[in-house]
Amino acid sequence: EVYFKNLSKQKQKEVMEKNGNNHKLRVCVATCNRADYSKLAPIMFGIKAEPQFFELDVVVLGSHLIDDYGNTYRMIEQDDFDIHTRLHTIVRGEDEAAMVESVGLALVKLPDVLNRLKPDIMIVHGDRFDALALATSAALMNIRILHIEGGEVSGTIDDSIRHAITKLAHYHVCCTRSAEQHLIAMCEDHDRILLAGCPSYDKLLSAKNKDYMSIIRVWLGEDVKTRDYIVALQHPVTTDIKHSIKMFELTLDALISFNKRTLVLFPNVDAGDKEMVRVMRKKGIEHHPNFRAVKHVPFDQFIQLVAHAGCMIGNSSCGVREVGAFGTPVINLGTRQTGRETGENVLHVRDADTQDKILHALQLQFGKQYPCSKIYGDGNAVPRILKFLKSIDLKEPLQKKFCFPPVKDNISQDIDHILETQSALAVDLGGTNLRVAIVSMKGEIVKKYTQLNPKTYEDRLELILKMCVEAASEAVNVNCRILGVGISTGGRVNPREGIVLHSTKLIQEWSSVDLRTPISDALHLPVWVDNDGNCAALAERKFGHGKGVENFVTLITGTGIGGGIVHQHELIHGSSFCAAELGHIVVSLDGPECLCGSQGCIEAYASGIALQREAKKLHDDDLLLVEGMSMKKEETVSAAHLIQAAKLGNTKAESILRTAGTALGLGVVNILHTVNPSLVILSGVLANHYVNAVKDVINRQALSSVKTVDVVVSNLADPALLGAASLVLDYTTRRIY
């Protein structure tokens, strides 16, 4: 709440003036149950924190007011919200008719409340039958509706209700790119769709590091350890009540057999919920020593419980949505969440028809730890929603407009008042510097941070985390949505696990290092790691000369020599992740010694280190400097001095560069004869000095069938950072994790 109080107020003055006389937007938030309040509460705090822009009215109805479900309206009062109206709308019953009667009762009671409040806009969440009554009442009374979490696909009757509310709503806040595309396909107005993420993630992503052991002990007992208990939350499936109750019986039997401490929450108010409670009591769950059965857990505490659980099981949307933020294993039972986007932490048991099947799933999942997933949000949903609310022009016609026919892909990116740039955090670990950048989908480096690369593992990892956190925070200010983190580093890398296997000598204490886990845990973002040469190839494939080319090779000519091979549009890593170590192609059996320990490698001839070595030899023999050159006494001899001397006519310097270019050219010929690319891209600071020599060697030494290969110099200013960004941008947009 303090955070929202500190949000900038000045940016929205124009919209306020447009709405006339600084009119405050009167917002009615209606909450029906514990689940939707967890999503609405962050928005309510944000609205309450800006009284100069908004007036907030809170309406409570549904299961909030039922003792059997914990009288959860009290947590709204505990959050210091004034409840304007309480509506008892639930008709007790155990079949589908009770839900229909509850909708009817709400429709009877709501008009009077809305006539008294006269809100400018009503915020409705989700897909519950109570929410359908709210949306129907508001739409018929010409009240604008903002629908949260529209466009998603799950299962049962919820899909139909959710999409019905979408057609009634005037504005839409969705959580995922797929949900946004579904809304567009449903012909909703693009300018009224906001891809914000799930509001509950704003609280989730800041919650895990708080004191949690006391919460675990309160709900599960003094002797319970983290990752050694289960949270179970299962609801009836209203389109197949009998089967869902049978599945609940099997779940409880499996949990009893699994013999782990388990917190079981009572189900939602739906047809079949009473029968599920009877099943719990029949099996003695409330008195079983391994079980704790509760009607309600406050959301702040529930977050801590699922974040540190060994597993969550059931069919709640919380399991496939929020729990992914912590990497907690989830077993999703049945069809209630069919169609939801999920992280890799979710194991689906679609047809949970035997106790053994569920028990086997528990054995597979319990105690694992998965990478944190941010499919449903990045922790910045509420600022986006508040900005969206402030942009609403009440003078616009109330009548909805539908966009026919279906629109082109990504047309929603034209919404300039909520436009955000999909971006990546790119990290480049060099021998000297550590760099972090925000890189857009188009390859624009929006913001870059540079620090000296520390010498020890601990200091280096601490600095990476610090710089990434700083960049992620800045991304919100520059209107960028961070999709993940890509890391480019020297050495041999296992990209599947995100582990640096062996480092180059230029980076100390950098072998057998797991980079993915600590960075993903800290930032709640997916993380990709790869070798710097491979990253350079990916940068060319996405942004450079390699775009659209099926087979090409990139060679980096810098401090060392590296590269990457793209074959049939895919990067080659090799069986032990050692493919494309192009700098260590041997071109002479008795050549100079390489840093790898071998002799005659390309890197021993053509790298910056090799040229510096030869320059020092000339300088020691007083053969480097020629007319037009000068060096300060304390100045270090470098490859640049050798190149300068050659340009000024130093024949020995020219000979060294010619030999280096020949060695590189022979290496390229070997590559042409091995993988037969159609393009060779030279990258790095020495590329311009070598390109002609490489072409000459190809003309003299290569087979005629490969002499037509194109050899070009990269036009990318920063291939390492762009390649690291490509790791993220390519894979997140393809939904491959």
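The backbone N, Cα and C atoms fix where each Cβ goes, and this holds for glycine too.
Counting every protein chain shown, 26 other Cβ atoms lie within 10 Å of the Cβ of Asp532 (active site). For Asp532, the entry in TrEMBL reads active site.
Cβ neighbour count for Thr504 (N-acyl-D-mannosamine binding site) (all protein chains, 10 Å cutoff from its Cβ): 20. Taken from TrEMBL, the feature N-acyl-D-mannosamine binding site applies to Arg492, Thr504, Asp532, Glu581, His584, Glu603.
Taking the Cβ of Cys601 (Zn(2+) binding site) as centre and 10 Å as the limit, one finds 29 other Cβ atoms among all the protein chains shown. Here TrEMBL flags His584, Cys594, Cys596, Cys601 as Zn(2+) binding site.
The domain 'UDP-N-acetylglucosamine 2-epimerase' annotation in TrEMBL covers 53-390. Across all of the domain 'UDP-N-acetylglucosamine 2-epimerase' (53-390), the predicted model scores a mean pLDDT of 91.
Each of the binding-site residues Cys594, Cys596 was scored by the number of other CB atoms within 10 Å of its CB, and the largest score is that of Cys594. The Cβ neighbour count for Glu603 (N-acyl-D-mannosamine binding site), using a 10 Å radius and every protein chain shown, is 27. The two recorded residues Arg492 (N-acyl-D-mannosamine binding site) and Cys601 (Zn(2+) binding site) have their Cα atoms spaced 17 Å from each other. Taking the Cα atom of each, Thr504 (N-acyl-D-mannosamine binding site) and Cys594 (Zn(2+) binding site) are about 12 angstrom apart. Between the CA atoms of Cys594 (Zn(2+) binding site) and Glu603 (N-acyl-D-mannosamine binding site) there is a gap of 7 Å, rounded to the nearest whole number.
Listed in sequence order, the residues Gly583, Val586, Leu595, Gly597, Ser598, Ile602, Glu603, Ala604 complete the 8 Å Cβ shell around the Zn(2+) site centroid, once His584, Cys594, Cys596, Cys601 themselves are left out.
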